[in-house]
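To start, the structure under review is shown below, and the notes come after it.
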Amino acid sequence: MTNDTSRAHIGVVGLAVMGSNIARNFARHGHVVAVYNRSPEKTRALLAEHGDEGEFRPAETIEEFVASLERPRRALIMVQAGPATDAVIGQLADAMEPGDIIIDGGNSLYTDTIRREREIRARGLHFVGAGISGGEEGALNGPAIMPGGTAEAYASLGPLLESVSAHVDGTPCCAHIGADGAGHFVKMVHNGIEYADMQVIGEAYQLLRDAAGLEPAEIAGIFREWNTGDLDSYLVEITAEVLAQTDAATGRPLVDVILDAAGQKGTGRWTAKAALDLGIPVTGIGEAVFARALSSALDQRAAARELPAGRLGEAPADRDAFVEQVRRALYASKIVAYSQGFDEINAGAAEYGWDIDRGALATIWRGGCIIRARFLDRIKDAYDRDPALPALLLDDYFRAQVADCLDAWREVVVTATRLGIPTPVFASTLAYYDGLRAERLPAALIQGQRDYFGAHTYRRVDREGSFHTLWGDDRSEVEA
Ligand code: 6PG
């Protein structure tokens with residue numbers, strides 16, 4: 001650190017690991033970085049341990065922090081999403097001037113971001129809600145960054161964020177997503193897809209463990225092998241690492257000593273709730289959220305342990321063939337989950353008036369973020385071929401990929417059912433696929449039932465209009 005008094009290009013408020021790491025990332029890329037933390041010890045620790053990594057401007061008050069920023073000032077908030085975010089926003093807004101930019105880099109709920117953007121814009125400042133994905137390692141070495149806000153704010157902020165984001169083929173994993181809450185909305189859906197991705201990996205693991213009788217170390221090898229093909233992804237890669245890990249205390253596989261109760265900070269839940277409101281069947285994401293909730297219902301599960309399993313089937317005779325079937329089921333379920341996630345993004349963009357480019361989004365998700373995967377290149381290609389693609393599943397490439405997996409996928413869901421192994425996302429994504437392609441659905445009967453008990457009317461297949469049957473009278477049909 002020098003005694004250079006040049007003002008900082010950007011500032012970071014909140015120096016827990018994520019905040020410290022992204023501040024270091026900016027400094028390592030040659031940017032002068034202002035840093036502030038409510039408790040100054042963290043600021044001092046950052047300078048003591050990493051002050052030689054670049055130009056930092058430590059501050060012990062928000063006012064000193066703001067004064068150290070060049071105009072237009074850019075302040076990135078990296079604090080726990082919630083009330084703390086509002087508190088820091090208020091402090092910064094009081095100290096900043098029209099044209100300055102406040103960025104919330106936390107996992108904030110997009111509706112909060114829409115509100116905050118409106119409030120801060122009314123004060124003449126810019127507010128950017130930026131989803132930042134990649135965890136602590138990503139913050140330091142290159143996350144995927146999904147900023148939402150005005151184009152003017154991005155013109156000033158974008159080059160800085162792009163310089164510190166991950167890059168794939170020289171392309172930054174950062175792009176302007178859209179107005180106000182668009183960035184946090186797509187980050188939320190990213191996390192929902194992450195939940196589904198992790199759940200289908202978990203279901204594949206459980207099948208290889210319980211149906212194929214393989215040990216974690218053997219399954220780790222299978223995931224490593226899968227990671228060289230279509231399933232090449234960060235989550236498959238780390239799955240192999242977790243399954244290969246031995247617990248030092250017991251000598252057992254670590255996965256066997258971890259309590260099987262999944263936590264969730266809430267972003268996957270938000271994705272499912274938003275989808276319900278938007279009317280988008282994100283069945284894979286929803287089942288993944290419910291699977292985490294079920295896993296955590298430890299008392300209820302203990303009480304249910306003795307529930308009868310019924311007559312169970314036989315384990316697959318050809319283990320290698322079964323392993324390949326599971327790989328295909330995993331890949332097909334993943335494609336459906338991503339297709340559903342992109343449908344939700346499309347619906348959110350329509351609802352909130354965002355102009356979200358799904359191809360550009362797939363492009364920035366190729367690196368840095370938790371769901372980074374080779375097949376995001378294929379998703380980018382699909383939306384490049386047709387930006388208005390009605391569903392990812394209908395793209396020729398993915399249509400063929402799923403067709404190639406379909407028989408195996410059905411076999412795996414049947415085998416899991418016969419063996420009493422829960423595969424909620426394998427099964428719900430297959431049911432969704434069959435529902436999407438079905439010529440007739442039982443919704444016709446549901447409409448009849450609704451009309452019977454609630455006179456809610458129904459439409460006919462053979463003519464326009466709404467109709468009601470006089471169920472309590474002569475059962476003749478009348479036009480509603
Ligand atoms: C990311 C991650 C991150 C999230 C963790 C924990 O994109 O870097 O998604 O934002 O906080 O994954 O989330 P859960 O506790 O909800 O699993």
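Glycine too: its Cβ is placed from the backbone N, Cα and C atoms.
TrEMBL: automatically predicted annotations, no manual curation.
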- Which of N107, N141 does TrEMBL put in the same NADP(+) site as G14, L15, A16, V17, M18, G19, N37, R38, S39, V79, Q80, A81? N107
- N107, S133, G134, G135, H190, N191, Y195, K265, R450, H456 bind substrate according to TrEMBL; which of R209, R292, R475 goes with them? R292
- Cα distance, K187 (active site, proton acceptor) to N37 (NADP(+) binding site), nearest Å? 25
- Taking ligand 1 as the reference, state which of the recorded positions A16, N107, G134, E194 have a Cβ closer than 6 Å to one of its atoms. N107, G134, E194
- Around the Cβ of Y195 (substrate binding site), other Cβ atoms found within 10 Å total 28
- Item | Largest tally of Cβ atoms lying within 10 Å of a Cβ, found at which of the binding-site residues A16, M18 | M18
- Task: Translate the DSSP assignment of G14 (NADP(+) binding site) into the three-state scheme.
- Result: coil
- Near K187 (active site, proton acceptor), which binding-site residues out of A16, M18, S39, G134, R292, H456 have their CA within 10 Å? none
- Message: Around the C-beta of H456 (substrate binding site), how many further C-beta atoms are within 10 angstroms, looking at every protein chain?
- Response: 14
- Sort the binding-site residues G14, A16, S39, N107 by C-alpha distance from H190 (substrate binding site) and give me just the closest. N107
